[in-house]
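S.K.: Take a look at what Swiss-Prot says about it:
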ACT_SITE  E126  active site, proton donor
BINDING   C12, C96, C199  [4Fe-4S] cluster binding site
BINDING   H41, H74, H124, S227, S228, N229, S271  dimethylallyl diphosphate binding site
BINDING   H41, H74, H124, S227, S228, N229, S271  isopentenyl diphosphate binding site
BINDING   H41, H74, H124, T169, S227, S228, N229, S271  (2E)-4-hydroxy-3-methylbut-2-enyl diphosphate binding site
Amino acid sequence: MYVLLANPRGFCAGVDRAIEIVKRAIETLGAPIYVRHEVVHNRFVVDDLKQRGAIFVEELDEVPDDATVIFSAHGVPQAVRQEAERRGLKVFDATCPLVTKVHFEVARHCRAGRDVVLIGHAGHPEVEGTMGQWSRERGPGTIYLVEDIEQVATLDVRQPENLAYTTQTTLSVDDTMGIIEALRARYPAMQGPRHDDICYATQNRQDAVRDLARQCDLVLVVGSPNSSNSNRLSELARRDGVESYLIDNASEIDPAWIVGKQHIGLTAGASAPQVLVDGVLARLRELGASGVSELEGEPESMVFALPKELRLRLVG
């Protein structure tokens, strides 16, 4: 049994930035620091930050007056920002800059009076944050959420000639392209973003897992069950005809999965740290893996700046 590692895998620039914001805020201002929603969707990361002094809450009414609060990488509705400002809370915004780009697109279309179709998963924090950029006070348009291609057939927008679309950043690239094509067929005048809203890391990890699936008879994806991008990786492998499982850590591996398998692929979602991948590798070696190699993949060098107040000051 041989293990192949996908490349790239694991943390993206937005996740790195969000986690570092929480760590630096605790170091700079002291605990506790409040974080609205899980800063990234990974249990290991959240538990580690809790031990450092982060307190995770779902809404701002759980945050005391005069406290510091961090918005998660998924972004927040405008109403949440306004509430934080009204209460005088100190805020650090860990929203991924690529999600912020989508927020700006929605706000721009809103001001222009357009209808907007958001392609995404209902209930996901990123979708809730993006939907929350819309305000009837800004313009006469309407925002619609479409989750799959079947919903396009029943979609009835108010302004078919004044329509734009945008997407959640962590979707399946193939599924999203299919939905966009169906929308364009139904609404030929629909506008789109200049560049795809699906982020570089999502695209790269999906390309990498497909490369992995072509060479393996089992693909393990390290990621938490509430991680959208991690779920998409496992789905893609299965869609390509390969058995695949999403696991939080090495303890979730069922030895029965690897019986008779010759090549096991291993990757990780954008919110899963390398330490969990290392743990899975160690467990696979215990179960008989004889070697490990890493596939070639798209190099990633993107880095997002931290808020000025949290940047390290160089002395000397």
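Cβ from N, Cα, C; glycine included.
For the listed features, I'd like the structural context: burial, neighbours, distances.
M.R.: Long-range Cβ contacts of E126 (active site, proton donor) within its own chain (separation 6+, distance under 8 Å): H74, G75, V99, G120, Q168, T169, T170, S228.
All chains included, 26 other C-beta atoms sit within 10 angstroms of the C-beta of C96 ([4Fe-4S] cluster binding site).
Note: S271 (dimethylallyl diphosphate binding site) has non-local neighbours F11, V15, V40, H41, N42, V45, G223, S224, S227, N229, S230, i.e. same-chain residues 6+ apart with C-beta under 8 A of its own C-beta.
H41 (dimethylallyl diphosphate binding site) falls outside any helix or strand according to DSSP and counts as coil. Around the Cβ of H41 (dimethylallyl diphosphate binding site), the number of neighbouring Cβ atoms within 10 Å comes to 29.
In the three-state DSSP classification, S271 (dimethylallyl diphosphate binding site) falls within coil.
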S.K.: Over all shown protein chains, what is the count of other CB atoms within 10 A of the CB belonging to S228 (dimethylallyl diphosphate binding site)?
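M.R.: A 10 Å sphere around the Cβ of S228 (dimethylallyl diphosphate binding site) contains 24 other Cβ atoms.
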S.K.: Around the [4Fe-4S] cluster site (C12, C96, C199), what further same-chain residues have their C-beta within 8 angstroms of the site's C-beta centre?
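M.R.: Checked against the 8 Å cutoff, the neighbours are A13, G14, V15, A73, L98, V99, T169, T170, Y200, A201, T202, A270.
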S.K.: What residues, ordered by sequence, lie under 8 A Cβ-to-Cβ from C12 ([4Fe-4S] cluster binding site) and sit at least six positions away in the same chain?
M.R.: C199, Y200, A201, A270, E300, M302
S.K.: Taking 8 Å from the centroid of the Cβ atoms of H41, H74, H124, T169, S227, S228, N229, S271 as the cut-off, which other residues in that chain fall inside it around the (2E)-4-hydroxy-3-methylbut-2-enyl diphosphate site?
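M.R.: Result: V40, P125, E126, T170, N226, S230, G269, A270.
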S.K.: According to DSSP, which kind of secondary structure is C96 ([4Fe-4S] cluster binding site) found in, if we only use helix, strand and coil?
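M.R.: In three-state terms, C96 ([4Fe-4S] cluster binding site) counts as coil.
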S.K.: Please name the residue among the binding-site residues H74, H124 whose C-beta has the most neighbouring C-beta atoms within 10 angstroms.
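M.R.: Per the Cβ count within 10 Å, the most buried is H74.
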